[in-house]
Amino acid sequence: MRGTSPHFEFWHTQVQIIDAINLNVYPTMNAPHNFSVVTYNILAQVYAKSVSFPYTQRKFLRQKYRFDLLRDQLSRLQADIICVQECDEYPTILKGLSSLGYQGLHQQRSGKKKDGCATFWKVDRFLLLAHHEHTLNDIAQQTDDPLYKRDNVALFVKLLPKFLDSKEEELCVINTHLYWDPRYPEVKFRQIQSVLKQAEMYRGERSKIILCGDLNSLPESAVYRYITGEKLEENDPELQYGVHDWENKGGIEKMERATPAIDFGPLHHNLKLSSAYATYRDGREPVFTNYSQNFKGTLDYIFYEMDKLKLNGQLTLPPESELNVETAIPNEKFPSDHLPLRADFSYKVTNIYTRNIPCPYRSSDEMDYNMMNQQNYRGQMMPQQVQQMQQSNNGGNAMNNMMGRNNVSPPQRQMMMPQNMPQSQPSQPTVLDYCQAIITDYHYMLNQINNLKMENGQLMKQKMELQELYNQSQISLNKVQREFDMQTQMSSNLTSYLSVMLERLPTEAREEAVTQLDRIKTPVPEEMRNMGHHNMHPPNMNNGQMNQGINQSTQRIERPRPVHASYTPLEDEPEGLKNKKMKRGPPTKSAPAVHPPNYRNPGQITAPMGSIAPLSTYNAENSNGGFQPRFSTSSVESPGSSPMAPNGSSLKLSNVESKLDDPDSPEKDDEGQDDEKALGLPKTAQLLSTLPHGDVVCTLSIHTPTSRVYTGGRGTVKVWDLHSSAPTSKIVAEIKCLGDSYIRSAKVSRSGQHLILGGESNTVAVWDLNGSPVLKNTLNINSQSCYALSYAQDESSFFSCHSDGIINHWGFNQGNKPLRIFKGHTDGVSCAEVSPDGSKLLTGSLDGTLRIWDIGTGKELGSYNSASQIFALGICPGESWIAVGLESSYVEVMNLLNSNCKYQLHLHESCVLSIKYANSGKWFVSTGKDKLLNCWKSPCGGSLFQCREPNSILCCDISEDDNYLVTGSGEKLASVYKIIY
């Protein structure tokens, strides 16, 4: 037989509250503005296992038994607000409580956890205004420390009491469950800091805060002391990251971890919170709220704002003798290893203009009188009466004595007006009335602002989701575009091949071939179905769009002039066609397409790719030095059939078609891959190896002729083999420079003769790389740091960009004085590039300007103002396009010749730190603090691919052949990628 719920006694004081303004006297517990709050860790069903509670009978751990007992307990508690933790069966619990008049909200824990926090309220007592789900995993992102990722949450619920006349007395109920492990008190402290900080931002001016939950912290812990406003010291043992003693099964264990410095911020908050149970127990919490075999102590609490709410009572917890009947709980009578807490509160009446609590003992005449003459009576109260009220220990008796009510029973009591009471007069608005109205409006507007902030947060979240969807769509669209370009190029190639074949056909065969080509431009539906399996249209592209694309790229095929019956031998082919293999890909420059003379309808071949199939079936016959083709109007008959040249050599047309039908066919040779690469757009990047520099890699440079990668960190440049086959490459050489300062820029000349280095030092180092690296010169820049370096076009000089906004032009053979100084920037110059023609220098600065200089004269030719700091700059080789990386996470692409032509790219989530164009000029990459590497199509910025690394990507470089990409990151290593086309 299932046990019944234990009897919970509700203890409260018998003190009566006096409303001195309305002269109301009433018992506390029966007041209409009272409300009660319960907090309860109900033990998630997923944790109610015999392994954790071996002393509990299995039948008492089953869900149905526990939930029936739980519903019985909550119904007996009769609370207006219920906060539960470890709620993993929310629909079941809500269904049970809804029949008792409750509504609720639930927030599941982050990650893969199934339980969470749920808050319920009586619908006839409270109205839901708003709620907020606070995830404590945000602490891990803010501190960049995975230690704080514990999947805990806090649920904020704003309720409006229906039992009050005022519509501004909001109640903000916070329900949370902190991390459990006693070895990590600093995690719990950071979590409760986040909860109370959010409470200060989320609450309204008139909101009353109640904090409930399982804090997994003892009353002497830093978490408890922080909540109750006790002063904490920075050297508090529980605030130290790493080493803590903790009690486990009677013994002391020590947990040691890394000990970085922790900045907890302010060790105080602005909320005046007090524990409901400690208030009535002279500052002492209950002996236990959690009672299991391995632990007995107080972990659950109800905190309230003692300056805004009055505590009237609390739930008396059962004695230990009822809990240890079966060793511990849960057991037959208790469904959880925790005990429920209940506290009873009432509002402190502070606003005489908006609150009028009726007295059950007053007559209607008395109520009317007080409502009309409330202000006048207060203003005319005699001094001796006020003094008597202040000195009396029982204000209610004092007021009754003044009103002559001591010997009058409540039903027969009549209003006894004091002497000299002025007659009722129409009350005029006073300054206080106007001030109160302004305050009321202010609080209303403040509440509206908070609601708008919440809506704005939700809209921002939706915006990020839409942005992510847009980015994915952009990537898919770029893939489709690449496929379409490839198919268009293939169509152009096949058209060229057809023109060559038609030129060599006899007159009769040529006439028939042209007729067939005209007919297949508009195939009938039956033929379309037959050749459907040969259709190579890119996805989401209809036939009309495909034909239009082919029209724009194919050559015109016109009817050839009449020729003699004798066939022109292969020796008379145009230059470039001899010994040419007919393979997939664009024709080489030495083999231009043949253009026959005009035909009656000089239209372009617009048939889909599969419709050229009739040309693949031939009957090879040697006749008059030529051959007679036999055309078929059906689809391909045999993949092995092929046209034969007069000398018997095969043109392998069917092999071409089979490769076209299967772009991923393993039969593709290197020439086919080179033809794909000729499109110039990469498909993805494959990670080949890592270069473990050992320090943060702030800069790097690739020298393609020697296959060397130079990585710069703190005071050291390390040289690596670019083509190393090992997953982790080994150092080829190491150069010590700039003392112990970080190297911000390292550039190797294309000739491989010089290496220039600059960083957080007042010097720039020039190294000679002919043979072993030798320090050639050290140049004083008269500035604290050098942010960027760039070679002149002829590599006879270079430019250094400094933290004070100055740019120096140095010559390798011109001594230690700069050739020219460029002045104009007002803040540090972070990046610099030389134009492809070598006549201009482009610099980007932290002052938000991009400036263009004439290298010959040193004059400023123009500037561009950005709304954000400029961190990176790239120039498209052979083009007039430049790309700028901004601190605002945007990449802006501009045309130097047309200021109105501009693109703004946004796939980065944080500031853009480096940009590098491919030497082909058809694509470029950008890296950022958000750990992302984005590859863009030039110039429009279509996303080609994206890679994510474990840490911020500070720099990047691309090899001269556009086959390799190297990035340097805060992970203290560089990554080598192979570009896949």
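Here, residue 1 is simply the first one shown, and the rest follow in order.
Glycine is no exception: its Cβ is also placed from the backbone N, Cα and C atoms.
For the ranges 204-238, 449-483, 939-973, the feature annotated in TrEMBL as coiled coil maps to 449-483. Residues 467, 471, 478, 680-682, 685, 869, 871-879, 881, 883-893, 943-958, 960-962, 965, 967, 969 of the same chain lie 6+ residues outside the repeat 'WD' (905-937) yet bring a C-beta within less than 8 angstroms of a C-beta in it. Across the coiled coil (449-483), the prediction's mean pLDDT works out to 85. Counting residues per DSSP class in helix, strand and coil order gives 0 helix, 19 strand, 14 coil for the repeat 'WD' (905-937).
In the repeat 'WD' (822-863), the DSSP tally of helix, strand and coil residues is 0 helix, 23 strand, 19 coil.
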